Each structure stands twice: as C-alpha cells, then as structure tokens.
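Engineer: The structure's right below; bear with me while I get my questions together.
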Ligand code: HEM
Ligand SMILES: [Ca+2]
Ligand SMILES: [Ca+2]
C-alpha cells in the first residue's frame with residue numbers, strides 16, 4: 001500500500017496541482033479523474049486516505065485538507081518502506097473541480113520516450129534531473145503486464161534473461177495475463193525503497209519502456225549511473241524533487257476548501 005500512496009500523490013499533483021482532485025468520486029453529473037486511462041483499475045489507496053481523514057475530522061474538524069493528507073502519506077510511505085524522509089510543506093487546500101482531460105494528457109504513459117517524459121515534467125516545472133530522481137519511486141510497487149508487454153516482447157534495449165523472466169508472467173497475446181503483476185524493481189522487489197532501480201536500468205532490466213528510456217544512450221545515462229552508485233545522492237535528490245512536485249499549484253488562502261469528505265466537494 002505504501003507504493004500505491006506514493007503514486008497517488010504523483011497522480012494528484014500532475015493534474016491541476018496537489019489539490020486532492022484525484023480523490024473526488026464520479027457522482028451524478030460530476031466527473032472525476034478516477035476513470036482516466038492512467039488511473040482506472042490501477043491507482044488505489046483511496047480507502048486509506050478516507051480512514052486518515054475520518055480520524056482527523058474527529059480530532060480536529062475542518063482543518064487538514066485531503067491534499068495535505070496525500071502529501072504526508074506519500075512521505076510516510078517512503079520512509080516506512082526504507083527510504084528518506086523530509087519535512088512536508090503544509091497548507092494545500094482542496095479543489096472543488098477535477099480534470100479528466102488533464103489526467104489523460106498530463107500523466108505520462110509507460111510507452112513514452114525520453115523526450116516526451118522530459119517535456120511532460122517540464123510542463124510541471126520539473127527538470128530532467130527531477131524526472132530521473134522521481135522515477136526512482138519505481139524501486140517499490142508493481143506494474144500490470146499490459147503496461148510492459150510491448151517492452152519485454154518488442155524492445156531491443158532490454159536484457160534478454162530479464163525479458164525471458166518477465167515473459168513467464170506476461171503472455172505475448174493480449175488480453176491474456178493483462179492484469180498479472182510484476183515488481184517494478186527486479187533486484188530488491190516491491191517493498192524496499194532503495195537505489196537498486198538505477199542499477200537495474202544500467203543492467204537493462206527496467207520493467208517499463210519509460211523506465212529504460214532513462215538509460216538508453218542519451219542525456220540521463222550518467223545521472224542514472226551516479227544514483228545507482230551513490231544512495232545518499234539519490235536520497236537527497238529524491239527529497240528535493242518530491243518537495244518540488246508537492247508544491248505544484250497549491251490552492252491557498254480563500255481558494256478551494258477543506259473538504260469534509262475527500263470523495264465529494266462540500267455541499
Ligand atoms: C516518469 C513517468 C512515469 C510513468 C510513465 C509511470 C508509469 C507507471 C505505471 C504504468 C505503473 C504501473 C501501474 C499499473 O500497472 O497499474 C506505475 C506504478 C508506480 N508508479 Fe509510476 N510512472 C512514472 C513516474 C512516477 C513517479 C514520479 C512516481 C512517484 C514519485 C511514481 C510512482 C509509482 C509507484 C510507487 C508505482 C507502484 C504503484 C503500486 O504498486 O500500486 N511513478 N507507474
Ligand atoms: Ca490534483
Ligand atoms: Ca527496491
């Protein structure tokens with residue numbers, strides 16, 4: 001669940017900023033972001049956020065936004081999985097709107113090439129270095145076969161033994177095995193937050209096409225090697241980038257609201 005909560009913060013911040021927009025349910029004519037391609041049948045953890053919110057509303061009603069809860073849960077998840085910690089800037093307020101269209105355009109696809117990834121992050125004022133550091137989040141969690149099938153069957157920039165291993169859980173012909181899960185980090189599995197992700201990339205054992213794009217004979221290769229060799233450098237750049245990502249377009253002052261229920265705007 002820690003991995004899922006970390007991802008939830010990313011998918012919130014890249015759509016309208018870190019404003020809890022991803023948490024809003026589709027109700028009547030209200031359309032949320034949960035059915036967007038990158039979110040549907042993939043993002044989870046909404047129930048965990050609900051439970052944190054319920055406890056907070058009992059202890060301190062109307063004060064802590066859903067967007068801040070997601071930011072704190074991402075930080076605490078990273079730490080509990082063995083990663084670094086940091087001080088989370090607080091005071092984000094919650095949106096009263098969502099954008100399904102932005103969720104479909106602004107969240108990068110696993111089929112993206114490096115130039116597409118760099119521009120998707122640049123659109124959020126995040127640098128190529130931030131992209132490479134934040135992608136280290138793929139040291140934890142899983143991916144469904146449908147998101148990496150093309151990479152293991154059709155790409156050439158992949159270790160053949162690794163491709164063969166992943167093919168055992170991800171049959172060539174869709175839709176067979178589409179929802180089968182494999183760990184994003186083959187070296188240290190799914191529940192240890194470390195820098196093994198980058199050594200995997202150097203060994204051409206990135207699970208997603210987009211992962212391997214960071215080590216593909218281009219601009220990020222040297223940084224990937226450095227992060228793989230220097231866990232302290234990765235930890236410090238990851239923290240810097242998470243704070244930057246967590247600061248995308250916050251609603252402050254009189255904008256937005258403090259939602260009472262993270263799934264619906266206040267009545
Ligand atoms: C660089 C562009 C990125 C792409 C293309 C991408 C794509 C993906 C995909 C396709 C999955 C698997 C989803 C599934 O199969 O259901 C995934 C999982 C994950 N992503 Fe990313 N991601 C990116 C960046 C990030 C960033 C910046 C973070 C956080 C800082 C992040 C955190 C995670 C985590 C933790 C998981 C595992 C989730 C779980 O096990 O529930 N990703 N990502
Ligand atoms: Ca958002
Ligand atoms: Ca790991």
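Please read every residue number as a count from 1 along the shown chain.
For all residues, glycine too, the Cβ spot is worked out from N, Cα and C.
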Engineer: Of 139, 156, 160, 168, which one shares the Ca(2+) 2 site with 185, 188, 194 in TrEMBL?
Structural biologist: 139
Engineer: Of all the recorded positions given, namely 7, 12, 18, 108, 185, which is spatially nearest to residue 170 (disulfide bond) at the Cα level?
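Structural biologist: Sorting the recorded positions by distance from residue 170 (disulfide bond), the top entry is 185.
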Engineer: Quick one: of the recorded positions 7, 15, 66, 145, 185, 188, flag those whose CB is under 6 Å from ligand 1, and say none if nothing qualifies.
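Structural biologist: Those recorded positions that pass the cut-off, since their Cβ is under 6 Å from ligand 1, are 7.
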Engineer: Do you know the mean pLDDT across the domain 'Plant heme peroxidase family profile' (1-266)?
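Structural biologist: Its mean pLDDT is 98.
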Engineer: Just going by other Cβ atoms within 10 Å, which of the binding-site residues 12, 33 has the emptiest spot?
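Structural biologist: Checked 12, 33; of these binding-site residues, fewest Cβ neighbours within 10 Å: 33.
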